[in-house]
Amino acid sequence: MSLDETTANMQPTENTEDNDGVDNAVDMTFTKEVRKATKDVHTLTDVLVNAKFAFALSDDEVWYDGLLVFYELYKFFETHLPERLLPKELHRTAAFERDFAYFYGSDWKKTYEPRPAVLEYLSLLESVAAKNEVLLFAYAFQMYMALMSGGQLLQKKRMIARKLWIFPKGNVEQEQKQAQADAALATDAATAANIELDDKDLMARPMPEQVTICPVGCEATYFPTRIPKLKSKLRRIFNELYGNLDEQTRAEYIEESRNVFRQNMELLRTVKGVNRANLRKLAIAVIFVTTIYVAFKLAVK
């Protein structure tokens, strides 16, 4: 089925919003179907991120190099998908570029060249887009959802490490949100351990707290619009597309959704500075533990 045939068959759905303008009426049936079909490769990606980047993402070199490997992908989506499939409020290219100008300097593009793994990925996206834009949307859907979920959590951790994320003590609402974030982390750990989650987990899992401040150099993960609203809008587009696909195209959509995680793992392996940052963090931890141990020994003499 072509993109024109698919979009022509789209039917408007009821738009139910709460007082904050967040759509609560999105059916999660198709989302669960694709999530279940991609769970194994998604888990592998999570394990790689947790193992390789656990301590490194607070390091500026690692963070910005990580953004750099994914920058071309977001730019590709935003130049190849129409606004009806990728609303402009989700676009990230300009935000990425402002972050790079902050860290690498205003003339960063003069020396920048996409690495081979990125060029291979872009070549794949070109072939997918030439076949069917709906299949290209399969990549975009996963990538923007990732930025609005895991991207928020990673940026918040990084900002905490850099002392940029500070809230007044005794803020009950903030404590409740932190408890929800901790619960989400526990759920992620269960997923990584291949523990089966309840089939309602997509609705029950708390969303990582949205990054609500935007210091210079932290724009890539910052969304002025509330993320629940953006996610609902993107899921509605997905539902209307996927719901009108024939069985063969659905199978192709799922395979490309699985391929997103495979390709992303290859890109993650190219991020520079991870081993150096992890070794430095480990050295600091060893020094800290050794200092405490020596101080304790001296105290008991």
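For all residues, glycine too, the Cβ spot is worked out from N, Cα and C.
Lifted from TrEMBL, the feature list:
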BINDING   R35, H42, R235  heme b binding site
COMPBIAS  1-14  compositional bias 'Polar residues'
REGION    1-24  region 'Disordered'
TRANSMEM  282-300  transmembrane segment
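Its Cβ placed at the centre, R35 (heme b binding site) has 14 other Cβ atoms within 10 Å. In the structure as shown, the Cβ atom of H42 (heme b binding site) sits within 10 Å of 19 other Cβ atoms. For R235 (heme b binding site), the same-chain residues lying six or more positions away in sequence with a CB closer than 8 A to its CB are V26, M28, T31. The binding residues for heme b are recorded as R35, H42, R235; their greatest pairwise CA distance is 18 Å.
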